[in-house]
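Single-structure report; data block below.
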């Protein structure tokens, strides 16, 4: 059982309608679940056109940029985003490399055209200034000594709502330090949300700065016109540029260190309660031109704080990297892991896993299509590499690996066995559900935990040790608090993770050993994705039948599950109970493992 991998896709034998080499009809009729905020067609998407976006600034640019797209006065969710890049090609490419190179060659000219206001987009869609909300306070409390302390250099980058320049500190502790300064005009901050976005970006950078794979934050300044964010200057270029230099393809051993660095910083962010929400190759920079230079995550303009039991609902990010649950407006940190899966797919094969001619078509592909693992080079890559990418790209976020788990996947672990694995904050969500579960479900989870495979046990042992068990080998509320406090940043306080710990009050007066921790932390949906699930669940039921099963009437079962009085329990739960002896049936056992009682839910959405 130690060799279990994830189940192959049930549709792997079918042709992927969005895979390279197929014909692509124009798809404009897709909309997310909330049609009131569905994407607004752009002029280039309204008819057949040789233009299609390769990297779009956001899957919801109608929300973030209405003034540009439809002349409206919509709110801007982000002040920094990647400019729209359009590529002049009519047919679906097998690899992004060739025409991205063409786009890069044209980038300078397009920037100049954008600055002069003569791009195709601006000539077809007149722009209007967004109306500013009344009574906005644009004071941030940052230092106002920017011009006396910093000497600005040339512009090195530009987004929709700001631009970046090289600069040098003229005095103070950082005298002589060359930095990058992100400049955000206050005239662009036309809503309270936009102002809060800037404030939150600075908070996140300040709190998380210091991680080796995250851009170093130095200081924030403001004057009457702008906000200035001084950060580390990374001179090695974007990860995207390195991908292009290799012709859009990495070997497995070359891809691993890139993916490890991305996973490291994302796992750290998630541990601190921060979700990035815009992970893509453009948002990772190398510190120098050297081949083995460090990779740094940048652009936290769309990032947010999130608790383990909290879900976000605003659509942000970049179309090719956006997770299905983001389009459904209910997501958490797993959405970042999906984006890493897309990056890993591109690194290993040079193509995007989801493609269409229009933004709405991309969204449909993300929601409905399965990425192809049949075309070269996938048949020639290792089974571990394919399993790794597939487990990052499960459409059901409950089955998807976390960033910490991905660092312990056999494909990664075989490359580097001496990594510091961050604590997986989502384990607290599993523990909360376990502690609030009925005694019957706890017994079922304990039985299932006896069937864990070697890789799962190794991962849980690592996570258990990070919670600093006491001399008796038990974790308690005190050991958990101390373990978190030793690694906490201000971001963890902002995301209210310490408050969430109060929900683990079942550990207030007792400890939890490793055996019970396995039952509490096991992810049933992830375990189900393994190809040994059928064998595992049958064996677990046998153990449960011997040690935990008992006679139970339907009304008691309904009460334990938290089923309300409006539910016809006899018809719903009839098959859950074995008619011969009144004990839980195999069907009921499986359902009980998957089901979470009303008492164990209580997740919040914002």
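Glycine too: its Cβ is placed from the backbone N, Cα and C atoms.
In the record from Swiss-Prot, residues 156, 157, 158, 159, 160, 161, 162, 163, 164 bind ATP; the candidate from 138, 144, 182 listed for the same site is 182. Record note: among 418-448, 480-510, 511-541, 418-448 is the stretch given as region 'Autoinhibitory domain' by Swiss-Prot. Sequence-distant contacts of residue 470 (Ca(2+) 1 binding site), defined by Cβ-Cβ distance under 8 angstroms and a gap of at least six in the same chain, are 476, 479, 511. Listed by sequence, the residues of this chain that lie at least six past the ends of the region 'Calmodulin binding (CaMBD)' (437-457) yet keep a Cβ under 8 A from its Cβ atoms are 1-2, 4, 408-410, 515-516, 518-520, 522, 524, 527, 530, 532, 536-537, 539-541, 543-544, 547-550, 552, 557, 560-561, 584, 589, 592-593, 595-597, 600. Note on proximity: among 160, 545, 547, the binding-site residues of the record, the Cα nearest residue 472 (Ca(2+) 1 binding site) is that of 547. Note on proximity: of the binding-site residues 516, 547, 556, 581, 583, the one nearest residue 162 (ATP binding site) is 516, by Cα distance. The C-beta environment of residue 545 (Ca(2+) 3 binding site), restricted to residues of the same chain at least 6 apart in sequence and closer than 8 Å, consists of 583. Look at residue 472 (Ca(2+) 1 binding site): DSSP puts it in coil.
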